[in-house]
Every structure is written in C-alpha cells, then in structure tokens.
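This report refers to the structure that appears directly beneath it.
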Amino acid sequence: MLFITLEGIDGSGKTTIAKLLREKLRSEGYNVVLTREPGGDEIAEQIREIILSKKNEKMDPWTEALLYIAARCQHVSQDILPALKEGAIVICDRFMDSTSAYQGYARGLGIRTLDEIQSMVLGTTKPDLTLFFDIEPKVALNRMQERSEDEMNRLDLEKSTFHEKVYEGYQVLISEHSERIKVIDADKTINEVLEQVYYYVYNAIDKIKAQKNG
Ligand code: TYD
C-alpha cells in the first residue's frame, strides 16, 4: 500500500523512531511491516554479515556497493514487494538512498552511476516517501561514542570525515528529490521527532486513500 524509507547518517536515531512509528500505526489497525537494510530475508542477512564484518576491512568500494545492491534485490523480491501487494505499509530502515550517499557520494563511485544500476536491478520499486533524519555529523558522532565497540560495524568505524561526506551526499539527494525526501529535524526530543514523522506519514496515507477513492 505504502512504501516508506528512513534515511540518515549513523547515529541519527531513525531506528528508535521506526519502532515507535510501527507501534502507532499498528495500534490504529494498519498492517505494518518494519524491516531494515542491509538485511531482510535469509540470503540478504548472509550478505549483511559479509558487508559489515570488521574482518573485511580490505573490501573494495565496488564490492561493497554491489553487495548492498545484491542484498536489496533479494529483500525487495522476497519481502518488500509481497508485503506491498498484500496492502501493508512497509517501513524500511535504509534503502537505495543509503547506497547513493555512502557508496555513490562518500566512496566516490558516483550517485548517477549507482542510480542506473539500481534502476536496472530494482525496476520500478521506489519509496513513496523517504524521511531524512537530519542531525549534524558532530552530534551524531557524539551519540555513536556512547555505543560499545561490539555494537559498532565496519562502516560505523570509518573516520569522521567519511560521515561528513555521507551527510553532504544526502544533501545532494534531498535537493534532487525534494518531492519524495522530507527532512526531519532529528536533534530534538523523541516526541518532537515523532510529531514531524507523523505529519508526513499521515499525509502520505491520506494521499493513497484519496487516490483509491478517486
Ligand atoms: P546498521 O548497523 O544497520 O546501521 P544503522 O542503524 O545506522 O542503519 O548498518 C548499516 C551500515 O551500512 C550503516 O553504516 C550504513 C551502511 N549502508 C551503506 O553504506 N550503504 C547501503 O546501501 C546501506 C543500506 C547501508
């Protein structure tokens, strides 16, 4: 029914908000599927292990990008599309914009090149709404420092300049897709962040309902 993706730099708090959004929508009787990337079905979870393992520090940027896309392909065909066909609201913690910002921009492979590959692989599956959790890279880094070493993955451990570049990459995407990507001020209390999220999500739900009735 509705495909929502959540994006942001590491430490932007989107995962906490995703769970609260799921509960709120479920309490209103919506069928909600919350999932995350990289991951999803069994094969995509195996790819996740390879990508995020701290052992794989020699991974080539192209290997990294193609593995993220491979995991996404599996996730879309096995989980996301079937759920959307059943009429669910699918909330996905990270999706194709992560590949554009992290691999396309920050790793320098090119946003457009990766867009082309992703369009070939994913076809018309695109989010209806994307929420970007906006937080200064420095603030996010402080939040990340509260995490233990065990909780950090290979990308979390990148230098602060990498996270700043990822943030810049997202700014490019926001300016190019302002219709789809909505900016949430994530440097606020949880309730204040949720209020902004609900505003865009309920607008999107109303739009879908209006299309159905019209
Ligand atoms: P995860 O532990 O799920 O982090 P988070 O809670 O911040 O989403 O790890 C996912 C990491 O992978 C995160 O650092 C972002 C990165 N990533 C990419 O670089 N490209 C991608 O396409 C995706 C989906 C994630």
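Just so it is clear, glycine is given a Cβ too, placed from its N, Cα and C backbone atoms.
What TrEMBL says about this one:
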- 6-196: domain 'Thymidylate kinase-like' (DOMAIN)
- Gly8, Ile9, Asp10, Gly11, Ser12, Gly13, Lys14, Thr15: ATP binding site (BINDING)
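Contact annotation for binding-site residues (Gly8, Asp10, Ser12, Gly13, Thr15) versus ligand 1: Asp10, Thr15, each with CB under 6 Å from a ligand atom. According to its DSSP assignment, Gly8 (ATP binding site) is in a strand. Take the CB of Asp10 (ATP binding site) and look out to 10 A: across all protein chains shown you find 21 other CB atoms.
Listed binding-site residues: Ser12, Thr15; maximum Cβ neighbour count within 10 Å falls on Ser12. Once Cβ contacts within 10 Å are tallied over all protein chains shown, the binding-site residues Gly8, Gly11, Gly13 are led by Gly8. Mean pLDDT for the domain 'Thymidylate kinase-like' (6-196) in the predicted structure: 95. For the binding-site residues Ile9, Lys14, the largest tally of other C-beta atoms within 10 A is found at Ile9. Summary of the ATP site environment: with the site residues Gly8, Ile9, Asp10, Gly11, Ser12, Gly13, Lys14, Thr15 set aside, the chain residues having Cβ atoms within 8 Å of the Cβ mean position are Phe133, Ile135, Ala140, Ala186.
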